[in-house]
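Scroll down for the structure; my scribbles are underneath it.
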Amino acid sequence: FSCSQCDESFVQRSELELHRQLHSGDKQFTCSECGKCFKRFSLLKEHHRIHTGENTFTCDECGKCFTQKSHMTAHQKSHLGKKPFCCSECGKHFKQNSQLVVHQRTHTGEKPFTCTESGQWFKLQSYLTEHQKSHTGEKPFSCSDCGKCFKRHSLFIEHQRIHTGEDTFSCSVCEKTFTRRSHLTAHEKCHEENNPFPFLNTLTFPGLAQIFED
């Protein structure tokens, strides 16, 4: 579709109609699809993408596309570290309103998700899903190295450190590292004041922990 006044060509007739308004001298730019008017042609052109489905504005951080620049600008705040949503109770800030809503339940005690089996209530859907596995016996997380299965993803991740050799849990006293939190907890008892043999590791001699408690 070509403009008879300047010979500029367009793929769609609607684009040609938008362009012709530049030659008409009319200050009101009207959308041929919905009739909405704009003061500037650039605003009309941006608006027209809503009808064509064209995504022109792309987020540099994640590549997500938007039809309007204002929508992209609002989205980009999530990458800038800005946290515009503030909790009126404690002043903590959040990037998204949904995060604030979840946080506020710590103040209100609201637990909207209930287990139909036990009647227990939870703050988050994810907590309920984890809990329901205790009724079904489901263990969806399987170790590809040894085949051992786990109910919770956190337990699965901790188990995998046995195979990778990754030491994540570190003793704050002597900086010794462990693949499991339970092993770190057992080790830390050797640093306690009531341990008469601090040089002995309760992880090596598990019976010592019981002796000290008695």
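A Cβ is built for glycine as well, from the same backbone N, Cα and C atoms used for every other residue.
Model confidence over the zinc finger (1-23) stands at 73, taken as the mean pLDDT rounded to a whole number. Look at Swiss-Prot and you will find 1-23 (among others) tagged as zinc finger.
Per Swiss-Prot, the feature zinc finger maps to 29-51 (among others); the stated evidence is sequence analysis.
Per DSSP, the zinc finger (57-79) is made up of 8 helix, 4 strand, 11 coil. As annotated by Swiss-Prot, zinc finger applies to 57-79 (among others).
Residues annotated as zinc finger in Swiss-Prot, with sequence analysis given as evidence: 85-107 (among others). When Cβ-Cβ distances below 8 Å are used as the criterion, the zinc finger (85-107) is approached by residues 77-78, 123-124 of the same chain, each at least six residues removed from its ends.
Annotated zinc finger per Swiss-Prot: 113-135 (among others), in sequence order, evidence recorded as sequence analysis. Remote same-chain partners of the zinc finger (113-135), defined as residues 6 or more beyond its termini with a Cβ less than 8 Å from a stretch Cβ, comprise 102, 105-106, 151-152.
Secondary structure counts, DSSP: the zinc finger (141-163) has 11 helix, 4 strand, 8 coil. Among the features that Swiss-Prot reports, zinc finger is placed at 141-163 (among others).
Residues in the zinc finger (169-191) partition by DSSP class (helix H, G, I; strand E, B; coil) as 11 helix, 4 strand, 8 coil. What Swiss-Prot lists as zinc finger is 169-191 (among others).
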Checklist entry - What does DSSP give as the helix, strand and coil breakdown of the zinc finger (85-107)? => result 11 helix, 4 strand, 8 coil
Checklist entry - Looking only at residues six or more beyond either end of the zinc finger (1-23), which have a C-beta under 8 A from one in the stretch? => result 29-30, 32-33, 41, 44-45, 48, 51-52
Item to check | Selection from 57-79, 141-163, 169-191, the stretch that has most Cβ pairs under 8 A to the zinc finger (29-51) | outcome: 57-79
